[in-house]
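J.: Below are the features listed in TrEMBL for this protein:
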type	residues	note
TRANSMEM	A:12-32	transmembrane segment
TRANSMEM	A:52-70	transmembrane segment
TRANSMEM	A:77-96	transmembrane segment
TRANSMEM	A:108-128	transmembrane segment
TRANSMEM	A:149-173	transmembrane segment
TRANSMEM	A:185-218	transmembrane segment
TRANSMEM	A:230-251	transmembrane segment
TRANSMEM	A:331-352	transmembrane segment
TRANSMEM	A:364-385	transmembrane segment
TRANSMEM	A:397-416	transmembrane segment
Amino acid sequence: MLRENQRRFKFDWITIILFLLLVAFGYLNILSASHVGEITSYFDMSQPYGKQTIFIGLTFVLIVLILSFEAKFYERFASIIYLVAIIALLGLFIFGKDVNGARSWYGIGSMTIQPSEFAKFATALAVAKYISDLQTNMRTIKDQLKVTAIIFIPALLILLQNDAGSTIVYLAFFFVFYREGLQQVYLIIGLSLIILAVLGLKFGVVITAVITTLVIVSTYFLQGKKRGSIFQYIIVLIVCVGFSYGVKLFYEHGLKIHQQNRISLWLRLEKDPAKLELMKKREAYNLIQSEQAISSGSWTGKGFLQGTRTTGKFVPEQHTDYIFSTVGEEWGFWGSSFVVLLFTTLIIRILYLAESQKSQFSRVYGYGVASILFVHFTINTGMVMGLIPTVGIPLPFFSYGGSGLWGFTILLFIFIKLDSNKINEW
Amino acid sequence: MRKLLLLTTVILVGLVFIARLFYLQVYSGSAYNIFEDTAIQKEYNYPKRGYVYDRNGKLLVANQPSYDVMVIPREVAPMDSLKLHEFCTLLKITKEDYDKKLNRARNYSPRLSSPFVQQLSKTDYAVLQEKMRKFEGFYIQKRSLRSYQTTIGANVLGDIGEVNRRIIAQQPYYKMGDLIGKQGVEKTYEKVLRGVKGIKFIQKDRFNKHIGPYKDGIYDTLPKPGKDITLTIDSELQAYGELLMKHKRGGIIALDPSSGEILAMVSGPSYNPNLLVGRDRSRNFTKLYRDSIAKPLFDRGLQAQYPPGSPFKVINALIGLQEDVVDTRERFTCRMGYYYGSRKLTGCHHHRSPVAMNDGIAQSCNAYFVNVYRRIIDKYEDAGKGMNIWANHAKSFGLGNFLNNDLSVGSKGRIPDGDYYDRAYGDNRWGSTYIVSNAIGQGEVEATPIQLANMAAAIGNRGYYYTPHIIKEIEGDTIPKKYRTPKYTTIDKRHFEPVIEGMFDVYNKGTASTLRVPGIDICGKTGTAENFVRIDSVKTQLTDHSIFVAFAPKDNPKIAIAVFVENGYWGSRFAGRMASLMIEKYIKGHITRTDLERWILTHSLEDEYAKPYSGEPFKINGETTLQVIDNYAIENTNQSSLKQ
C-alpha cells in the first residue's frame, strides 16, 4: 500500500510547477491581450480569455486521464497513436476547414480542433518507439531513412495544408537523432548548409563561392597528409556553390511572396525605400508593433492590464502567436526575462530527466519533448523579438488556443508519466 | 558530448534572448513617456486666457477662438493623389506645402504633435471639421487667440506667440504649437493669464479609433481658466500720451506717487497691437523687428538709457543738503559757466548771478551745481570715498539699477561710483574736477524715463517711493507685497521742501514758466541732453534730447511724470509741453492749454530723425527749423505701411 502510494506520487513536481507557472502566467497575458473593456466574467465564452478558462479547466481533466494510464500503454500503443494522428491529418483534406488560408482545422460546432498540434506528441512517441527498438541502429543509413520517414510523413501533410510554420517544428527531431547516435558529419553538414543558405541570400552566390573556396582550400592545406584526392574537394566546392545557388533560386521562385518578404526583412535584403515602406505597412507591421510594445515595457513594464499598446490592440494576433509582446509591455524586462528563464529551466529539467531514464524509449521520448518545446520557444520568442523571420507557431502553454495547450500538455505529461515509472524499469 | 548539444543550445538561446530583451527594453528604450506613446491620444483643452482691464475697468484685451490643424507625423497614412488633393484644397495649401510642412513636423518629432496649418478661419474650420476623421494623423486643436479691444498700449500689453523649441526644452508644460506671452504684461503675467490647460488621455486602437479613457481617466485634468488682471494703466491717459508722441520718438512714464502705479507708459513710435494677432503675426513682427531705425519694439520708456540732463541736478541739491556741504541760502557766482582756475569746466546759459539753491534749480544753473557737487565729493579724504557716498544717495532714488518690477523689459541706467573712475583713470588718479559733468546729469550718469519718473515720485513724496508696477489687481489674488511697501531714500524729509520749492519755481519763474497750467501747482525740471551718434565712424553730434521731469500737485502729488523726446532740443520745447498736457489731462480730465496741445500735435520731428540717414551734412539744435504738419487730425500714423 505504501509502495503503491509512493509510486503514484513520484511525479516530478519541479516540471509540474514550471508547467503550472507557465500556464498561469500565460492566462494572465491572454486576459490582458484579449479583453475588450471591463472583464465581466472569466467564463465569458464570447471572449478568448473566457474560452481559455475552459481550455485550462479541461487540461486538468486531460492530465488526470494521461497519468491514469499505465506507462507501458504509451510505448505499446505508440504506433497506433501515430497512425491515428496521420489519419486525422489526412482527413483534413476532406473534412478540414479553411482558416486564414490554412486547412488545419476540424470544425465541431463552434469549436475547432487542430490535429497538427496533436501530431507532434504522436510523432515523438513513434520516433521513440522506433529508435528504442533493439534492431534499430541510428548509425545505419537504412534506419536513418526510416526514422526520417516517420517525421517526414506528418511534416509533409502539414506543409500541404499550408501550415509551413508547424512543419519547421519537425526539424526538432534532429536533436533527438543526434543524441541517439546520428553521425557528427550530419551536424557539420547541417550547419554548413544553413550558413551557405544565409550567405547566398545575403551576399549573393559569387561572394559565397569565393568564401567557400577560401575555406575549402585552407582546409585542404591544413589537413596535411591525411587529405584525400583533390577532386573530392572540388566536388564539395561545386556542391556547396550549387546549393547556395539553389537556395537563391528557391527563394526567388519557390517561396510565396509573403514568405519571401519575411526572409527579405530578416536579412535586410530589400534596399528600395519605397518597397521597404510598403513592407513596413504589411509584412513587417506585426513585427514593428510587437517590438515597439516590448520596447515600451522598459525595466518593470506598465503593469498588468495597463499596457497601452496591448489595450489598444496594436499588435495583431497578440493573444496567440504574439503573446510574448504582452509580457514585454506589461511586465517589462524582469517579467519577460522570467518567462525566458521558466522555459529554459523547464527544457533543461526535461533533458536532465530524460538522461536519467533507464528505458531508451522514455529517454528518446523525453528528448523529443525537450526538442519540440525548445524549437517552439526559440522560433516564437525569437520572432516576436525580431531575431528570426516571422514563422507562425504558438508559444507552448502560453498562447491562446485549446488544441495547442492540449497538444503540449499531452506531450509533456506523457513524459511525466513515463518518468514517474522509471522506478519500475529494471 | 552528444548529450551536451541541445543543453548548450538551450542555454545559449536563453542568454541571447535575455540580451535581446535588455537591448530592446532597457538599452534602446527610454523611460516610458506617455506623451510619446502613440497608443494614447493627448487631447488638450486650453482654458480661457485671462482678460486685461485698465485701472478704470475698461476691457483692453479679450479672446477669440482659433483652430489649428495639428499633425503627428508617424500616424499619417499615405494618401493617394485624390485624397491628398482634397486635403490640400480644404487647407488651402499646395502639395509642395504639404510635403514641406510634414517634413518640418517630422524633423521636430515623428511621435509628438506639431502644428500643421495654424489659425484657420471659422468657415474653413466648419468645413474641415466634418472631414477630419478621414485624415489619419491630423486633428484640430482649438486655442484662444487675443482680441484687442483697443489700438493703444502695444508696448504695455505685449502679445502672445508660439513657443519655440528652447522654451519647450526649458518648460515642459508647453507643447509645440502652444502660445506664450512674448512681450509686455502677456509675458510678465503669463502664468496668471494662461491658467493651466486640461489634458485628456485617450486610449486608441490601431485603427486610430478612440476606445475609451486611458486608465479610466485618472491622469486627466480639467483646464484651470486664466485669471483676469487689472492694470494700473489709465487707458485714456495712455492714449493721450501716444497721441502726443506721434511723429516723435521717446518715452513718457506717468506714475501715481502715492502707490507706484504706472498710469501711462508711452513709447514712440508705437504700433497697433492688433498687428500681432493671428496668421499675420510673424510677418508683422518681423517687419517691426527689422525696423532698426525707428525700432518700434524698443520700449523707450523702459529701455532707453539717456543722460538725464538737468533734472538730475535736483538729486545733487538734495545730496548736498543731506551731506551738509551747502545750505539753501549760500550763493554761487556763475560767469556763464564754471571755471576751475582759468579753465572753463562747463558752460551755462544767461541768467542772473549769483544764485542760491532756489534759483539754481529754477534757472538750472550749471555753475551752482558743479560747486555743490565738488563739495560733496571733496568732503571726504579721497574722491573715491566721496564718490561712493554720492552714488549711494543717488541709487536710493531707484537710479543706477533695475527697478525689479513686473515689466518685461528694462535697463539698469548708470550711477558711477569710485570704482568706476578707478577703472577709467587708474586708482586715485582722478579728482572731482574730472567728473563735474555728473553735477548736471551729463557725463557718466544715465537713466531711463521710468527711473526719472520714479525719482520725481520720490521727491514728490518727500523721501520715499513705491516700486513702479503695472499690476493693480489679479482676480482672486493679491498683488505682491513689494509693491505695497515704501522704499526710503537716504535723504532726510526736511531737505526736500527747499528743493521742491525750486522745482515749483521752474514753472513760476524759471525755464518752464510758459507751460503753467491754471489751477495746478506743478513742480518740474527741464533737461537738455547732448547726444552723439557714429555716422560712418565719425562721432557726430545730433540735436539735443528734450527732457522733462515733473510731479503735481506740489502737495500730496497725484502724478509724477518723465518725458523724453529724442532730438527735441531744449527741455521745455517738446518734453515740457507734453508733460504739462499729460498732467492736466490726468488731473482735470480735459485740456485747457489747447495752445500747447495744438503746438505739439502740429510739430513733427520726422525730418530730424531722417537727417543722420540722409548721407548729407546737416545742422542741429538752434540752426534747424521745425517741421510743421498742417492737418494733424487727418494725418495718420506711421503704421499705414503695416497691413492689419
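Cβ atoms here come from the backbone N, Cα and C positions, even for glycine.
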J.: When each of A:12-32, A:52-70, A:77-96 is checked against the transmembrane segment (A:397-416) for Cβ pairs under 8 Å, which one has the most?
T.: A:52-70
J.: At a threshold of under 8 Å on Cβ distances, which of A:12-32, A:77-96, A:108-128, A:149-173 pairs most often with the transmembrane segment (A:52-70)?
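T.: If we count Cβ pairs closer than 8 Å to the transmembrane segment (A:52-70), A:12-32 scores highest.
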J.: Which residues of the chain, 6 or more past the ends of the transmembrane segment (A:77-96), have a CB below 8 A from one of its CBs?
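T.: Long-range Cβ neighbours of the transmembrane segment (A:77-96): 103-106, 115-116, 118-119, 122-123, 125-126, 128-129, 150, 153-154, 157-158, 160-161.
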J.: Using a Cβ cut-off of under 8 Å, list the residues of the same chain at least 6 residues beyond the transmembrane segment (A:149-173) that approach it.
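T.: For the transmembrane segment (A:149-173), the sequence-distant neighbours (Cβ-Cβ under 8 Å, at least 6 residues beyond its ends) are 82, 85-86, 89-90, 92-93, 96, 101-104, 116, 119-120, 122-124, 126-127, 130, 259, 368, 371-372, 374-376, 379, 391-393.
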J.: Same chain only, please: residues at least 6 beyond the ends of the transmembrane segment (A:331-352) with a C-beta under 8 Å from a C-beta of the stretch. Say none if there are none.
T.: 12, 14-15, 18-19, 21-22, 25, 294, 297-302, 304, 324, 366-367, 369-370, 373-374, 377, 381, 396, 398, 412, 415
